[in-house]
Every structure is written in C-alpha cells, then in structure tokens.
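Let me begin by presenting the structure, written as structure tokens, before commenting on it.
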Amino acid sequence: MFPFGKKDKDPQKLSEAMMGAPANAPSSGSPLGGGNGGGGGGKKSVTGFDPEGLERAAKAARELDNSKNSRAALEIIKAQEATSQHEAAAKRAEYDAYAQQLRLQSVEKEAEEARKTLEVQTQHDQQRAQYRDELERKRQADILNMQRANQDDQLKKQEAMIARQEEMRRKTLEYEAKLKTDTELARARAEAEGRIKQERVNHDLILEKVKLEATERRDTVLQAIAGG
C-alpha cells in the first residue's frame, strides 16, 4: 500500500502531490509561448496541458485504489483534471483565436502589400506609357520637322533652279539681241560699203565717159579746124 501520513490524507494535498503542482498555481507563458509550468518541473505543451501530471495522477490513482480516501481523491482528481481540460481547451481556443488573428493580419498584410505592389506597378506602367507617348510625340515631331526641312530645301532648290533658268534666258535674250544688232550693223556696213564701192565704180565710169566724150569733141574740133 502507498504510505500516506496524516497530512497526506488531505484530498487537496493528495491531488497536488499527484499533479505535481498546486491546483491554484498560475500557468506561465502566452498562448504561443509553451513555457514550463508551475511546480514539479513538468513540461507543458503550447495548450498548457501537462502530460507528465496526467501520468502522475494515473499512477497515484492506481496507488490510491487501496487507500481509504481513494474514492474522494479520485473525484477530486477527476474534477481537477476536468478543470485542467477546460483550461487547456480555453487556452487552445485562445491560441486558435490568436492564430486566426495572426492569419488575418498576415492576409491583410499580404493584401496591403499586393495593393501597394499593384499601385507601384500601375504607376510604373503609367510612367512607361507616358514615356513611350513622349517618345512617339518626339519621333512624330522629328519626322514633321524633317519633312518641313526637306520641303524647304526642295523649294530653295526649285527657286534656285528657276533663278538660274531665268538668268540663262535673260542672257540668251541679251546674246540674241546683241547678235541681231551686230548682224544688222554688219549688213548695214556691208551695204554701205557696197554702195560706196558701186558709187566709186560708177563715178570712175562716168569720169572715164566724160573724158572720152571730151576727147572725142576735141578731136572733132581739131579735125574741123584742120579741114577748114
């Protein structure tokens, strides 16, 4: 038989001895802590349940089966175990609630990070779209400026070509006018020289004729004088 003294017949103390800690000892650790319990050095799970205390209670229950106070002690042990189970269930519920809160916070944090990432991505997309639009506007402006420059260059070339053509036409007209004038002057000079030459020839012929006629009259007169 399990040797109990006088003091050990107190059911409360018996249960404390079998549980390894006083019934009213405060538990340590948070719902997530899972630290060591009060007296007895028993290790508790994260839910606050002490498996070693349960083993000690079972062992004490077997030893108390032969004692006078075994029934009362077992009832107390059962009551305390039920209380311990309720406390463990409460701790598990508290832990589950806390874990659920952490999960919700994690989901909210992930959602917030996703929202911020989406905002940043949207901002980057808008900036890229704006940059591409600016590049396209600049490209179109460059093309338009190049077209205008080409048109201006072509217009200047056309104007220069027209000016050269006008200059050539003017020079051609001037040359033709000068050539015509020179031709007319040469013809007039030739005609004048021809007339002068012809007049000279005519003058010489007339003079020769006059001389001949004068000679003939003189001879006639001389013959007349000689015959008279």
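Yeah, the Cβs are placed from backbone N, Cα and C, and that goes for glycine too.
What TrEMBL says about a protein is an automatic prediction, not a curated fact.
Taken verbatim from TrEMBL:
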COMPBIAS  1-13  compositional bias 'Basic and acidic residues'
COMPBIAS  20-30  compositional bias 'Low complexity'
COMPBIAS  53-68  compositional bias 'Basic and acidic residues'
COMPBIAS  109-118  compositional bias 'Basic and acidic residues'
DOMAIN    43-225  domain 'ATPase family AAA'
REGION    1-69  region 'Disordered'
REGION    109-133  region 'Disordered'
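Within the same chain, no residue sitting at least 6 positions outside the compositional bias 'Basic and acidic residues' (109-118) brings its C-beta atom closer than 8 Å to a C-beta of that stretch. Helix first, then strand, then coil: DSSP counts for the compositional bias 'Basic and acidic residues' (109-118) stand at 10 helix, 0 strand, 0 coil. For the domain 'ATPase family AAA' (43-225), the mean pLDDT of the prediction comes to 86.
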